[in-house]
């Protein structure tokens, strides 16, 4: 018994501490007869958050992160400075996805310049091979961690586009992690959701997670509690003082490698030292008077969103605003999704390893795909598979985080980053206070084996040493008259792509407000599995069209909880007035600089 509780806090415990830990376990284990909702209630739905102004807008998943971003803008920093600071702040305030142990994509638009993407997707360690997954059976293990890109990517964005000193961007997060952050209802729910899992409570390799994120009072977290992250404060201070070298070559790198050796991971000091982030040209395409700009591969988001929007443009898409969605709109959009995801599976991967056809984002290609759509009947995913053998591949977790920022000078940032799963691989690097990702699961697991359950085995995203895994992250910037008009993105695994597409349809085609577009119900189709998944809401939008869609040949999944959490900004390109909207699906916070 005592050995278990020594593991719980990763340090020797006396008799009193052991008794205290017994109380902790009693309170954390779900009492018999109570539902998970009763033990750890999910915060209720609230209205979307809205902020408006001309001096700068910040929209993120947490109040703390938005306050940090707003403070940086008020201090004279630009949107990129604020984005870097927000990224570190989300590590402190939303650790299930905010990170320094993961990776992502940051879209940047500056006046009179091309839109670019800072790509800092994780990479596979050098020791892997195409068949490593044959030996890997657990999703929450250190061998699932890719080489993290976040710190290098943020440093690159700051070096090329920032204004304020690097240390200034980390200072708010250092203070909050050292002195403590007030827990709100959403953070309490998030932390409790992982801490209440039986294997987390009992697994020796999750001892550091329990030590870092467990409530020292031995009970589930509640709004108003204070979360102190002392080890994280030390790590952030090292990064502030030494830059990314502390993470990739210095004391933090040493601790990551020690964790790999303890747990049986593959990442080495050389893997960390060799990691580089990139500045890439954005994926771009025209849609009416707008230019849609998205992240380049290894993000599949920019390409797939653009394919879907161009297919819709080639169809007779009904401009019907009587209902939030009509059955005909859902039908045509689903068929565009089906084809976009088929192209994603067939062609997209790390461009350093695979050749990606240029025709994918042309209007001619979209028009050819649109011709294969029956205006009134569902296709089957098998009939559009082409030469993809259908007979397993990655599941993408919905836990990611997105934020949007614009400053008073018109610099705009749309940024998404992630650990992949909720709390990544759930391994906290001992002594650092941060989690490692489990991004290796985003590679295709089984070469040449794709099945109707949605596991993809196509060649473009197969595992290889040093390769960056495919992502569905879709940070998007829409230009109007050459200026940023709409910034949007979301978490949600593969649903990210469709959440972004649906918000673009609602705003650019159906002329709804950004508040309406973000507030409304969502749906998802990803080619395989061959079904429409409806967001489980109580508004009845989808319920009343089920019979119609089934008659067209669709299989319906009637409810999958909440889909994504979009954070967006829309800008009047003539006056410069910006409106930020934060999704109700998480806490979200939209703030304007006064």
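Cβ coordinates are placed from backbone N, Cα and C, and glycine is handled just like the others.
Unlike curated entries, TrEMBL annotations are predicted automatically.
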One of 98, 410, 493 listed by TrEMBL as binding L-glutamate at the site of 121, 442, 471, 472:
493
Filter the binding-site residues 121, 442, 471, 493 down to those whose C-alpha lies within 10 angstroms of the C-alpha of residue 400 (active site, nucleophile); answer none if the list is empty.
493
Within 10 Å of the Cβ of residue 472 (L-glutamate binding site), how many other Cβ atoms are there?
28
